[in-house]
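In TrEMBL this protein carries:
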REGION    1-30  region 'Disordered'
COMPBIAS  12-25  compositional bias 'Polar residues'
TRANSMEM  175-196  transmembrane segment
TRANSMEM  208-226  transmembrane segment
TRANSMEM  256-277  transmembrane segment
TRANSMEM  284-306  transmembrane segment
TRANSMEM  377-396  transmembrane segment
TRANSMEM  417-434  transmembrane segment
TRANSMEM  440-463  transmembrane segment
TRANSMEM  470-498  transmembrane segment
DOMAIN    526-649  domain 'STAS'
Amino acid sequence: MAHHKEDDATGDETNISTQPLSYNPSEPPPVYKVGYPPQKNLTTEFKNTLRETFFHDNPLRQYKDQSGSTKFKMGLQFLFPVFDWGRTYNLSKFKGDLIAGLTIASLCIPQDIGYSKLAYLDPQYGLYSSFIPPLIYAAMGSSRDIAIGPVAVVSLLLGSLLQNEVDHEKNKEEYLRLAFTATFFAGITQAALGFLRLGFLIEFLSHAAIVGFMGGAAITIALQQLKYVLGIRNFTKETDIVSVMESVWRSVHHGWNWQTVVIGFTFLAFLLLAKYIGKKNKKYFWVPAIAPITSVILATLFVYLFRADKHGVQIVNNIKKGINPSSLHKIYFTGPLVAKGFKIGVVCGMIGLTEAVAIGRTFAAVKDYQLDGNKEMVALGTMNIVGSMTSCYIATGSFSRSAVNFMAGCRTPVSNVIMSMVVLLTLLVITPLFKYTPNAILGSIIISAVIGLVDYEAAILIWKVDKMDFIACMGAFFGVVFKSVEIGLLIAVSISFAKILLQVTRPRTALLGNLPGTTIYRNTDQYPDARHVPGVVIVRVDSAIYFSNSNYIRERILRWLTDEEEKAKAEGLSRINFLIVEMSPVIDIDTSGIHALEDLNKNLQKRGIQLLLSNPGSAVIEKLHSSKLTEHIGSNHIFLTVADAVRFCTSKSMQEP
């Protein structure tokens, strides 16, 4: 089996002998053979597969050759990164964290009160969720920039799913208990994914689907705030755009409160102007950060001085004073609502996890440090487990607050601690001052916050890059806007899986031709100058060959062959005698794939055509050899490069009379 080296051979996975140090172009090229990898027993193969699936980053390598005490210290630092970065913490870093913490606190307090309404919970629960969880994350999280607390999308999703099970008005206590139960199971899900190193599962929700889902959720959230901004008392409980707009239109003559409208739209304009200023000039990042709390103070003062609440302006009323009470006894561990809490918790936990990890990776890339995804999941899960026991609902990383945290110059997670302390002060002292805060201002704050989630630029880019991704994006968007958040999420996941299945079951194949003057063979669609070799068809398979696509690949190769035969006959060219299958991109093959190649070989033999294989990788050649397929095809018909296979075909054709 003598073969020659191709100029650009991509034989990474094959065992190639060393090229001679000196080589005369006038002499025949050096001879290489397709290598067979060493045999592996079942245990070794299973260990390698397990390691690459769950421990590809080799997390235990740093513990090698360390003493017991050192290993314990390193393990403690792994679970609690605060013991690592805390050793080098200094006053300079604290100054940055102090400014950032105070800035995000001014943003989070009004947002928390508003987001709790999205989840159909009393305002204090939003504040509770920005007190305990950030403290847990500061000790266990690996991101320096994430700001922890309730977020709009998860709040809306949680409220929507809970409301489907229990009415928050008729069964308020049961609703609250189910919210804590869902939060507990969200934390269990997140922590389990981290401990079991199953973080890759969240990757199944594609970026395009997330863009569409977030955009649709933002529109839905903004529409829900119309009841507060317009002062409508009898508002639909549905979230789809048709029901919301019908409810708004039915109330136009008698349900709107003009004082509320003035407050809502005046401060919405102020908030959008502040956001524009901050976006236009980065050094004014603090303007949109303090705008919400400034709006709350001014609006509350206005309502109190003019007693606008007496004229139909709806206000927050009393927010319960004091720190988080224990809620462990309120979590359902038995009974019919456990399964419902588990289901809601898993869904919300996965969405919260996806958002937090995406935010963390974004800012880690900007600051050039590594973020351990599995460690993040454990930290987020732990804080939600503890949070469920201390009257919190699901918290995660907030993009708007994290962006402000980053712009304010945060250095470590201590900024979360500062924010948490301000929230604590608010719970202990300031909550009575929110009594006259109008709901309209909270609605305006939420609308201004979620507008940024409608990323139309990303949608345009997705359209330009991948039309299938765009379908996933729009499917998720319209599913949320016209039906419900859970339907939109279901559509997003379904389309993401459909795309994976389509790519797996219908992989690409390409017809290759020779680039003139070289021994390089490339896709004729991509390189129109690539010439077909007379009497030879060269097909490349751009995928692993599994049970899900083996029949399609066999039929697609035969269709390529048939097309070329008809073309050769029509143009009066020599008949096709050889079919070369380029297997460099085929990373693996299973028994169904091997059977498909056997069937292909038998079909070709009936037609008087010889099958040749080029550059099968180590995993593939090992399985072909074990199945005896190499004997059926002939070991002298398996080549290291396409160029070698073509030379063989040419020499055979010249030998024929």
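Cβ atoms are placed via backbone N, Cα and C, with glycine included.
Predicted automatically and left uncurated, TrEMBL annotations should be read as such.
Predicted, not measured: the structure shown is a model, and the values here were computed from it.
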| Residues of the parent chain within Cβ reach of the transmembrane segment (208-226), under 8 Å, 6 or more residues beyond its termini | 118, 152-153, 156-157, 232, 235, 239-241, 244-245, 248, 354, 358, 443-444, 446-447, 450-456, 458-459, 462, 466, 469-470, 472-481, 485, 488-489, 492-493, 495-496
| message | Using Cβ atoms and a strict cutoff of less than 8 Å, what residues sit near the transmembrane segment (377-396) while being 6 or more residues removed from its termini? | response | 79, 116, 119, 121, 125-126, 128-134, 136-137, 140-142, 148-151, 154-155, 158, 179-184, 186-195, 199, 324-328, 331, 345, 348-349, 352-353, 355-357
| request: Give me the mean pLDDT over the domain 'STAS' (526-649), rounded to a whole number. | output: 92
| query | Short question: which residues 6 or more past the ends of the transmembrane segment (284-306) have a Cβ under 8 Å from it? | reply | 103-104, 106-107, 109-111, 263, 267, 270-271, 274-275, 277-278, 313, 315, 404, 407-408, 433-434, 436-438, 440-442, 444-445, 448-449
| Non-local residues, at least 6 beyond the ends, that sit with Cβ under 8 Å of the transmembrane segment (470-498) | 156-157, 160-161, 164, 204-206, 208-213, 215-217, 219-220, 238-242, 347, 351, 459, 462-463
| note | Its residues classified by DSSP, the domain 'STAS' (526-649) shows 63 helix, 21 strand, 40 coil
